[in-house]
Amino acid sequence: MEDQVILGLGLKPRPQSAARIRGRRWLKRREIWLVALGIALHAVYMLSIFDIYFKSPIVHGMDPVSPRFTPPAKRLVLLVADGLRADKFFEPDSDGNYRAPFLRSVIKGQGRWGVSHARPPTESRPGHVAIIAGFYEDPSAVTKGWKANPVEFDSVFNKSQHTFSYGSPDIVPIFCGALPHSSWKSYPHEYEDFATDASFLDEWSFDQFKSIVNRSREEPELKRLIQQDQVVIFLHLLGCDSNGHAHRPFSPIYLNNVKVVDRIAKGVYNLLEDYFQDNQTAYIFTADHGMSDKGSHGDGHWSNTDTPLVAWGAGVKHPRPASNNNHQDHGERFVDEHDMHDTPTPTNWGLGNIERVDVNQADIAPLMVVLCSTLLGLPCPVNSVGSLPLDYIDLDKGNEVEAVLANTKQILSQFLRKSQLKQSNSFRFKPFEPLAHYTSILDQIESLISSGDYELAMKLSRNLRSLALDGLHYFQTYDWFMLMSVIILGYIGWMLCLILHVLQSYTSLPGKILKKEEAVFTRDRPTKVYLCGSLIMASIFIVLYLEHSPPLYHAYSAMTVFLWTNIFSEYRFLRALWRFLLAKESFRFIEFSATCAVSIIVLELLVRSFTQRIMYTWCFLIVGAIAPVYLIKSIPWKSGMPIFVWLSCWFLSVFTLMPAEIPDNTVLVTVSGVIIVVIGGVSRYLYMHTKDNKYWLYIINHDSKPSFPMLFHLQALLVALSSVLVYLSTSHRTENRELLPLHQTMNWSIAGLSLVLPLFSATDLLSRLTSIFLGFAPPFLLLSIGYEAVFYGALGLALFGWILFENALLYVSKPRKSVSSFDIENDNIILEEGDRCLQLSDMRIPVVFMVFFNIAFFGTGNFASIASFEISSVYRFITIFSPFLMAALLIFKLFIPFMLVICAFSAITKLVRVPRLGCYFLVILCSDVMTIHFFFLVKNTGSWMEIGNSISHFGIVSAQVVFVLLLFALTNVYTKGIQTHSANRVSRKTV
């Protein structure tokens, strides 16, 4: 026999039997079905968070509740400064001058002030829904990018006689586009250019409203609309948001925009007071969300949640001196409670002597409702769940109680409607016991009001409102236990299906524990098991149908029953496997248990790393110390490889110690291009000078040649050009506030060309991976703003260290079995040519992959947070606001480190000759171990920052089955041609 063996694990291909060919086709069809099932299952189960935690709070069918007293105001003006932080609004500038002199004069002499606390997601639409409609965003709106109304809801605008609204095309049409009694206008999307000072957008909104008011002096119909009672005027001021994204909230442009907003508030006030001259206009100034220091928003950091609130005019209390005696009790809150309520007023705000009243953002709508319903004579929006902030309203004791009672009745009507709907659709309905006798409480409140005992009536009204909110939460999570049980059982069933498939199709176990004809694709599916599963599924469907459950409830149950039916249909294999593990050779069970334990420990550490990025630092510090020791003892010649692995691991460990908020550093991005070129040059040097070294023969093939000889030099040139363009584009845009078309064209061209060039490189492992590394570098550099560009080079070095370590394991491993025994053992296993069976020790490959895959997530920040995406990253490609293109570029930047990891993973599977798809299924298995843990960590109590993070963590890990598969498909274009050391190149002496 010629030299045909690679470490005893590969043989020269033999003529394949018809049965083996049919078996391979069957396996391919089965895996296509399994992958499709996994994608469908994770997609459906991911939607379960919308039924459990993000279920729409909106119900219909309630009657509005109107206050029972005469309103003192005729119109309401709402000014919303999008993206305005509370601290930047209240604090003085460097010269000691305050940026909002008019509104400060209002706070000191005319109205009330405080901080409005938003809750995540701190985005524009959710914030405006809370302000205008009085409830926290309907989560189903996320499926439409928070642009449309998937579920119609009531709002202050709906209750008004007429609404005038001007501002952003992303906000104004949402609330006024389908409102017949409204006059509105928005500017074109092209106006939102991040390369300019966006304060002109605020001026545009004011100019439009000013034009309407001036026209009404000459147009009778327009005058009638403006001068009627119960009118709402809404100006959406986008400038702070756009300038914050483009220039950060510490920039002079953003801070000057605060002054612009103050001038507009003054202009609106003077315009209306001069026009009406009746002192019956109420004003509210606030913001939908803040802005983080790096120019983003979305998470629960105080810089995003704390916004200013100023109210003045008709029906609003005047300022009062600050004291402990007149401070409002903020104990009445919705389910979420904000940690930042009632924090001390900073000294530099200069308002410590004036009473401050903080509110939840959703409380502004009841405030507006009092200024609209209580003060304008309108009923409260029927979906409002906010608590009425009485310290803003100038009412006597009796009317205060009436206002709170109206607010309570509106929330109670929502509770009663939800209770009625749930009772009509449940076989075993469990009512909310604390409100079983709500009618007697209402009667008692009415009696107390009639007798003039307002203090006790107020206390009972607040208690009843609190109970009604608890009842809403009770029915919001009514199906929680059932859904959680079904979904957890489904995940466990899916994981068992993966384990069974890998054991039956990619290991030698079937040939050991079953007869030959039962080993792989000849399966006797017991009819009774399928019949029983069908009956269970039909019974569940009938119950869910009679309860009018949503279609997704049927999908959750169907998938879970289907998975467990398939598991029980393999009872013969399961029984044989259990006997095999418990046989006399107990070391098998111990080895299996130890492997599972180590894998789970690593995965649990990865779970913890989602909240503590420093875990990766410790991981790579420890690995960087242990792996070189093994290499020193294993490699039989002096080599710099252990030092390289040590340095690469420790270099990568540094990045998870850095702040998640990446500071701008254009020079560092430019220098990173030099580092990347040097790394590519060293790899090229190894390729040219290791021809006679047997160790490198596994990853270098000098017979493989690139399509054209100057490929490496061209790729290095593109990396260098991209580094230069990073500096030129950023410098020119900063100085001139625009992006030159020449720069933009060159950036797009370099990024596109560099992604194609790796396809023309040599097909040996080292050359192809080096080309891929250089090919992904230009677009990543052009999308970088700081140290993440250096992280790209560090990740590439660590991945190469992983490949070298696996290569060392391959080189020093000794075959334990003869060629003939290996042939017999694998005779019943359907593998690709050259692949070997998976072994228990191969579990290290998917586990290490999970570590690298996750550090690609968290190496340069917290990608579990919406606010971690730096929109300024895309300014070298586009500055005109285009959310879809900008999002696509941000996602592509996020993909690049993952693609490097996937390419290294694919190369390693080729290097050690293990089935790539088998390893993919093990990766998904590891991912789902983390998914189940995160599913248990999802919270529905505590701060909404914690709740939002827990849900995003679950979504990220749950989506990896699709995410990894997509990346496998993308990177397969680059890695499918990789060739490692072939069988006929290794001497028989290695056996």
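Just so you know, glycine gets a Cβ as well, placed from its N, Cα and C.
Nobody curates TrEMBL annotations by hand; they come from automatic prediction.
The annotation domain 'GPI ethanolamine phosphate transferase 1 C-terminal' is assigned in TrEMBL to 470-943. According to TrEMBL, the feature transmembrane segment maps to 32-54, 480-506, 527-546, 589-607, 613-631, 643-660, 666-687, 708-728, 845-864, 884-905, 917-938, 950-975 (among others).
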Could you check if the transmembrane segment (589-607) is in contact with the transmembrane segment (845-864), meaning 3+ Cβ pairs under 8 Å among residue pairs at least 6 apart in sequence?
yes
Let me check one thing: do the transmembrane segment (845-864) and the transmembrane segment (708-728) come into contact, meaning three or more Cβ pairs under 8 Å with sequence separation of at least 6?
no
May I ask which of the stretches 643-660, 884-905, 917-938 has the most CB pairs under 8 A with the transmembrane segment (950-975)?
917-938
Against which stretches of its own chain does the transmembrane segment (643-660) lie, if we need a Cβ under 8 Å and a gap of at least six residues from its ends?
613-621, 623-625, 627-628, 631, 787, 790-791, 794-795, 797-798, 800-801, 804-805, 855, 858-862, 865, 868
Quick test of the contact rule: Cβ under 8 Å, at least six residues beyond the ends. What residues does that give for the transmembrane segment (917-938)?
31, 34, 38, 49, 52-53, 484, 487-488, 491-492, 494-495, 498-499, 501-502, 505-506, 599-600, 603-604, 606-607, 610, 838, 842-843, 845-847, 849-850, 905, 909, 947, 950-951, 953-954, 957-958, 960-961, 964-965, 968
